[in-house]
Amino acid sequence: MQGKKKDQKSSLPNSPTCPPYSSSTSDCLPPNRIHNDANNEVASCCTIRLEEENKASVCQYVVVVGNNGTSTDNDDHLFVSSDHKLDDDHVDPGASHVKASSSFAHSVINMVGMLIGLGQLSTPYALHNGGWASAFLLVGLGLGCAYTSHLLGICLKRNPKLMNYSDIGQHAFGAKGRVLATSFIYMEIFMALVSYTISLHDNLTIAFLGTGLHLNLKQQLPLATSLLSTSQLLTVIAIFVALPSLWLRDLSSISFLSTGGIFMSLVILATVACATIFGGVRANHRIPVLQLHNISAISGLYIFSFAGHIVFPDIYRGMKDPSNFTKVSIVSFTLVTVLYTTLAFMGAKMFGREVNSQITLSMPRSLIFTKIALWATVITPMTKYALEFAPFAMQLERNLPLSMNTRTKMMVRGGIGSLLLLAILALALSVPYFEFVLSLTGSLVSIGICIIFPCAYHTKVFWSEISKPLLILNVILILVGCLLGLSGTISSSHLLVRNLQTRIRHSP
């Protein structure tokens, strides 16, 4: 059988049914790879899988930080995985075609960059509403997510054919596991984009406050201002500015957006600290010890802060030495947990009961640090749209007919992406409650991806080998995750509906 495969492989370049580059090649390889790679074997293999075997192939580009500290989308992080049955006995070494180049430090930067995001804005609000004792929940969830990241690494080590989060789901529970994992991934992406848009709306309004822009808008766009408020109109304009990024096919541009998003997150943290040190804001407010009735609602905010497991398989495959993945997880989650805890106590002590669900909205508006923080928060969502949409766009292109040319595919993916973003915009303007939407996302979706699923995958894959203490730990985490997810979903949904009803009653 192996000899037969060897013969078939050696005859690929001369095969009349496998031309060097077919119309499907562009779906599997970026343009620079198509034109510059002297070895056409990878492209030929992609063509064979798509046309002759009629198997579903997924080509996934992973935007991570390269050796120079900037993001990259080169072939170093090109993964080609198929929907074949992922058994250990059927591992194809060629399926894990990855040029691993990330060192330990670069992998830590990648993971920390994926974890830092909207969560840092809401941790002060969550800490004050849950009490300072809820910091133990924040730290505990950080430890739990670091452990489940370790479990994903073990599953990936077990089977080299596993390329992404959905592959692990299929390996553990078959086709149903893949469908469930993929559904949760797309739900998290959609709901996170809604939260980003709400954050954009809230901060953009304050950033332009006092500039007189609302008067100019009323003069220039009288019809639009009669239908939308100034804040809504500003958000619509910002979305239309970000809209062209969804049409990008050159992932080097998206990589630049990724770097900008990470930098903006660090700027937000620095400006909050500067407001305390140099801005004269006294951090002398009292934080309650524990407000148990709010724990279920804030748990979703905490867990969303650690959401990033869907890209951890990509970080694992990009490492020079994957055996260090657990150490990378420990260092990354330690850094992020310390950052979140510090920011949470800092914000809660600075503003007390007045702390907003987004720390940037609580900062004194006269400070230059506040203006920097607001604009950093405005720019961050605009750098996220193309990045978050990329996995869906790649999957969409894979499902388009092979006969469709590249230009038409770009039109289809860009058009559908634009419609989805406009739907997200409409939903964000209709439900402008950042803390409740973010909490619902964490409780309904992120808790499953970060805690429940990895423990279930590990238990299923290693059922015959797992020790009793590890089995008990996995089961406890699954039960705790289900409890937090259920209670948080009910609580955040109730608060969201109640606020929507109040808004409707008070609307003219």
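Glycine is treated like the rest: Cβ placed from N, Cα and C.
Annotated features in TrEMBL:
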REGION    1-26  region 'Disordered'
DOMAIN    102-490  domain 'Amino acid transporter transmembrane'
TRANSMEM  108-127  transmembrane segment
TRANSMEM  133-156  transmembrane segment
TRANSMEM  177-198  transmembrane segment
TRANSMEM  223-248  transmembrane segment
TRANSMEM  260-283  transmembrane segment
TRANSMEM  295-316  transmembrane segment
TRANSMEM  328-348  transmembrane segment
TRANSMEM  368-390  transmembrane segment
TRANSMEM  411-430  transmembrane segment
TRANSMEM  436-457  transmembrane segment
TRANSMEM  469-490  transmembrane segment
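Contact between the transmembrane segment (368-390) and the transmembrane segment (436-457) is not supported: fewer than 3 Cβ pairs lie under 8 Å, counting only residues 6 or more apart in sequence.
Counted over residue pairs 6 or more apart, the CB atoms of the transmembrane segment (133-156) and the transmembrane segment (411-430) come under 8 Å in fewer than three pairs, which marks the two as apart. Beyond the transmembrane segment (436-457), the same-chain residues lying 6 or more positions past its ends with a Cβ under 8 Å from any Cβ of the stretch are 118, 122, 141, 144-145, 148-149, 151-152, 155, 165, 168-169, 171-173, 177, 180-181, 184-185, 187-188, 191-192, 194-195, 198, 296-310, 357, 474-475, 477-478, 480-482, 484-489, 491-493, 495-496, 499. Taking every recorded stretch in 260-283, 328-348, 469-490 and counting its Cβ pairs under 8 Å to the transmembrane segment (108-127), the highest total belongs to 328-348. Listed as Cβ neighbours of the transmembrane segment (177-198) (distance under 8 Å, sequence separation of 6 or more from its ends, same chain) are residues 83, 118, 165-171, 235, 239, 307, 310, 380-381, 384-385, 388-389, 391-392, 420-421, 424-425, 427-428, 431-434, 437-438, 440-441, 444-446, 448-449, 453, 457.
Through the fold, the transmembrane segment (328-348) approaches residues 104, 107-108, 111-112, 115-116, 119-120, 123-128, 132, 135, 138-139, 142-143, 145-146, 149-150, 153, 269, 272-273, 276, 283, 285, 287, 305-306, 312, 315, 319, 355, 359, 362 of its own chain, all at least 6 residues removed from its boundaries and within a Cβ separation under 8 Å. Residues 144, 147-148, 151, 296-297, 299-300, 303, 439-440, 442-444, 447-448, 451-452, 455-456, 458-459 of the same chain lie 6+ residues outside the transmembrane segment (469-490) yet bring a C-beta within less than 8 angstroms of a C-beta in it.
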